[in-house]
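Per TrEMBL, the features are as follows:
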BINDING   Cys101, Cys106, His183, His188  Zn(2+) binding site
Amino acid sequence: MRKLAMKWFLFSSTQSSLTVKYFYPCSGSRSSKTFKPKKNIPEGSHQYELLKHAEATLGSGNLRMAVMLPEGEDLNEWVAVNTVDFFNQINMLYGTITDFCTEESCPVMSAGPKYEYHWADGTNIKKPIKCSAPKYIDYLMTWVQDQLDDETLFPSKIGVPFPKNFMSVAKTILKRLFRVYAHIYHQHFDPVIQLQEEAHLNTSFKHFIFFVQEFNLIDRRELAPLQELIEKLTSKDR
C-alpha cells in the first residue's frame, strides 16, 4: 500500500472546481490541515450544481431537509456528491487532531474499549491487519481517494452512467468514514474541546447521520459505537 503524503491545504471554491466551504457554528479558530483529496467537483457539471444546492440548503439550518433527494434528481448522483462532501469534511476534522492521534497514543484503531477495527481493502491488503489508528486512517483515506478518483465508479462527465455496484461501494466508503468519527469521539474528544471544535464536529456528524439514515446507507450495527450520541443528537429532529 502506498504511503499517503501528508499535504495540507484549505478547501475552497476555485474557477475550475468546487469543494464545500462549511459555515457550521464554531467559536474556535479552525485549523486548515487536511489530507489533500484528488477528487473535486468540476465547475459547470450537474454535480457542481447539486453541491451548490446542498450548500444552500445546509445554510437553512434544517439538516433533515438538507439531506433529502432534490425533486427530479438521480439518487446515485446525490449520494456521490454527498460522499465526496463527507470525505472532505472528515479530512478537515481529522486534520485538526492529528497531533494527538499518534502511534504511541493510539496503537490500535478503536472506538472505545468495545470496538476495534482491523484494516483490509480486498486488493493490496486482503487479510485484515491490526494497525495503529493513524496508520488505519491513512489506509482508509487513501482507499477512499482511490474510489473517488475512479471514473468508472464516480463518473463526473455528463451522460456517463453509474456502475451497478455504485451503491455498494458508496455504502462501504460511508461505513468506513463513520469509523473516523467514532475514533475521534471516543479517543480524542478532549482535544476537540480544547480546540473549540466540538460544535463543528457535532454538526458535521449530525449531518452525516441524517444523510445515511435518510437513504439507509449504514447498517445500524455499524453505528453501535456512537448509538447513544446519535440518539441524543437526532432526538429533537424527529
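Cβ from N, Cα, C; glycine included.
Look at the Cβ of each of the binding-site residues His183, His188 and count the other Cβ atoms within 10 Å; the largest number goes with His183. Cβ neighbours of Cys101 (Zn(2+) binding site) (same chain, under 8 Å, six or more residues apart in sequence): Tyr94, Ala133, Pro134, Ile137, His183, Gln187, His188. In sequence order, Ser132, Ala133, Pro134, His183, Gln187 are the residues of the chain that are 6 or more apart from Cys106 (Zn(2+) binding site) and have a CB within less than 8 Å of its CB. According to DSSP, His188 (Zn(2+) binding site) sits within a helical segment. The record gives Cys101, Cys106, His183, His188 for Zn(2+). Within 8 Å of the mean position of their Cβ atoms, the other Cβ atoms in that chain belong to Ile97, Phe100, Ser105, Ala133, Pro134, Ile137, Ile184, Gln187. In the three-state DSSP reading, Cys101 (Zn(2+) binding site) counts as coil.
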